[in-house]
């Protein structure tokens, strides 16, 4: 139909391309794609998705390079598909290139992207790269641990792999079936069959049931080392314990006894094959069932959805209607979940609204949860919150799954009222006694600036776990309340709980805030000596901050040089902040140069380094550092800030007016000079940046506007910025709080300037009475 038009609309072309790609018609998709005059992000995404679904990994990598040449950059949902292609093709150079792009685009904290990068490094055997990335990850899930364990197993370092598995459990992540299988396979490859058998027993002791891979790996390992009798004995044990192979044997027995047409037996077999990922076998059994019931259809549809074949699942759903078998709520929920997980939100939403209209099926909480979880998984928090509101307006009570899904989406919003609204919902639904819900509320309240509510919830928990204690301790650190954090840590130990990695990271940071160097050093050493916990990157950064805040710069640089792991941008960022605060220009320049080496394309680091050079007496002409590229859209977005006053959100951009009138001539004049600033605080601006001289920093605008319009001494001022939200307490000290100064360095250097500006406005406010 596209050829009947004289001039094809790019929107129509993109829709056609998406249709062909989702239908598996790769040749037609390529035809539309090749003839497109304008290819936007959605066109590239559809084409890459089509190739990945067809396992054409080399084409996925080629499309990535073409996409970049076309000036289109992937997002955090497309990068994992491209990285999967890199891993399967073994092109680690492309993986490293993508890693650098991910960091520059601010996606370094996306766990799906990081896990995909880890998978590339693991499959390519890049131990140092994988380990460095793993240590830098702020969040780690089971997939993260599996990847890093696999790297060491591939290198034959089974001791380190085993240590990591134990460390994984200490951090509260229980190893899954894949984790144990990786370890078992590694032992077998090294010829250590007895130890592999012991690992399987340990796995079963942790209530993990071996699958066909586990049994096959162990049996083949014994057979390869001429232990045939043991291999046969293990085979018999596998039959007794049951797995897919046993299911096939039972299937053959069913066929011999002519029970294969029975619906109950058939449903069990379809469910077995579907859950084991054997869809062809499941479909053969399904087609042989003479009188299918709703459970037969649900098992087969669920199998297709779980494997990502939503088109086949929907086709089967339509056939189900043709056979006049009425779908139940499980049928609809499985389809909605499958489409959301595969990124087809429009179809999922269409099915959701059709449930009651066309299917006469009343939605349940799982129906709403499928949409909420899907939108959050796809990074669309606003849509998830919208569905949550609709869920309540339709009279549905959220359950634990709903609350645990939606609360993290509110942790970085400016308005804390949404958290209170969800808290009220928790109370109405009698979920406040659920420990996981309470812990999530503690975390969300602290991140939205309401630490007193976090403490109130914590005090109301009758039985606290390590997550409860760690969450509140981290909240106190976030708000700069070091003494409260340290006190809570000692209370935790008195209660008999053993601190883990997260605990130590927060407590060392607390000692850093309090400038208690010796106590922080003791805490760091006790990690490995007393608790057998290997310090990670976050603990090393906390130690650099500990030394830096107390002015012990020589000890800080010695600590960095003696680190056992590779230096990260956050380590040098912490040193740079400390050097500038304490007036050590030489060390500040050194830290800035190291930062630029790690991130050579960062314009912010480059500008700061130029300023340091000038302060040190080095002329701009003699500087040999290459200037990075011009700012892109992502970097420009760093200049925007938001604040909320009287239920109204006000946006401020650097060099731009607020969306509200700000009654002060200071903003109109756009002054940038600060009275009484020291040599270390003066800003030096290059010739190319002279047009920015009259611009006022957006955070200064937002903070000043908030102080003028809300002069309550006890008020917490929330200033949202991409991609963080900061909290400032409007008391007479006016120290910025809520900023993790051990993370990215430009969050650290800002507070010196803000202090001067805030104190200026505080004096003016006091003068006005």
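Just so you know, glycine gets a Cβ as well, placed from its N, Cα and C.
Now, the feature entries from TrEMBL:
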- 9-39: repeat 'PPR' (REPEAT)
- 40-74: repeat 'PPR' (REPEAT)
- 141-175: repeat 'PPR' (REPEAT)
- 176-210: repeat 'PPR' (REPEAT)
- 211-245: repeat 'PPR' (REPEAT)
- 293-327: repeat 'PPR' (REPEAT)
- 328-362: repeat 'PPR' (REPEAT)
- 364-398: repeat 'PPR' (REPEAT)
- 465-499: repeat 'PPR' (REPEAT)
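Sorting each residue of the repeat 'PPR' (9-39) by its DSSP state yields 23 helix, 0 strand, 8 coil. Only residues 6 or more beyond the boundaries of the repeat 'PPR' (40-74), in the same chain, are considered here, and those with a CB under 8 A from a CB of the stretch are 10, 13-14, 17-18, 20-22, 24, 26, 29-30, 33, 81-82, 84-86, 88-89, 91, 94, 98, 101, 105, 308, 343. Predicted-model confidence for the repeat 'PPR' (465-499) is 92, expressed as mean pLDDT.
DSSP places the residues of the repeat 'PPR' (328-362) in helix, strand and coil in these numbers: 26 helix, 0 strand, 9 coil.
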